[in-house]
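Worksheet: the structure to be examined is printed underneath.
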Ligand code: G5P
Ligand code: MG
């Protein structure tokens, strides 16, 4: 959990590298549905472009369906659930061990999103200063072009933050009430990451510890 641009994708990538988990990002899943012009993708596009949430029934079906294919693995969800209805639907079907919330101030986020570049097919994330690609505008692994997300325009980012406050913040209380929530506050992913790693290590054996930053 965490507001738009708080580093969910960044921290999730680090978690799955150091722990034996599979990563499922609801945003990446939606963007791939849009790219493939599926029914769900066509419906979702308008909501995403306006910084609004995709309807709960569409989202719950998509994610629960995807989790069916991951039965043999432990997993990490990024961006789902985002409403109390989604959280209830998830808990009814799947046992959840832990919810991690990234608490990053909004003013840090607005600044950050401007510099984000994405490799759409893989969901790999870059940032012009924080995590630049080796070659400007190109993905490190495939060499393909990087894009800026349509919903990263400043006015859409503001709308996404508002949606987060109205719809997603109540989910934090829901998980707190279930005794599942662990919060990590900070302005930088490199500051938050060691705390997340050491906390997760008390729950499951890490494969390794990767250090980032100075
Ligand atoms: P998404 O795709 O889930 P958001 O808005 O929740 O989108 P987003 O934007 O993907 O979240 P993030 O994953 O939290 O952000 O952050 P990130 O990509 O790791 O980091 C942001 C940028 O900052 C990157 O460029 C990164 O390199 C950089 N960065 C990270 N750490 C640092 C740092 O320490 N310093 C600096 N300088 N930079 C840093 O959802 C998109 C839309 O899909 C729909 C909604 O419409 C949503 O708006 N959707 C759903 N709708 C309904 N229900 C759901 N469950 C839905 N899930 C998605
Ligand atoms: Mg993300």
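Heads up, the Cβ atoms here are built off N, Cα and C, so glycines get one too.
Taking TrEMBL as the reference, the stretch among 115-152, 153-190 described by the feature region 'LID' is residues 115-152.
Distance noted between the C-alpha atoms of residue 54 (AMP binding site) and residue 5 (GTP binding site) is 18 Å. In the three-state DSSP scheme, residue 116 (GTP binding site) falls into the strand class. In the predicted model, residues of the region 'NMPbind' (25-54) average a pLDDT of 95. For residue 7 (GTP binding site) paired with residue 82 (AMP binding site), the C-alpha to C-alpha distance reads 16 Å.
Here the candidates are the binding-site residues 5, 116, 126. The one whose C-alpha lies nearest to that of residue 80 (AMP binding site) is 5. The distance from the Cα of residue 9 (GTP binding site) to the Cα of residue 82 (AMP binding site) comes to 15 Å.
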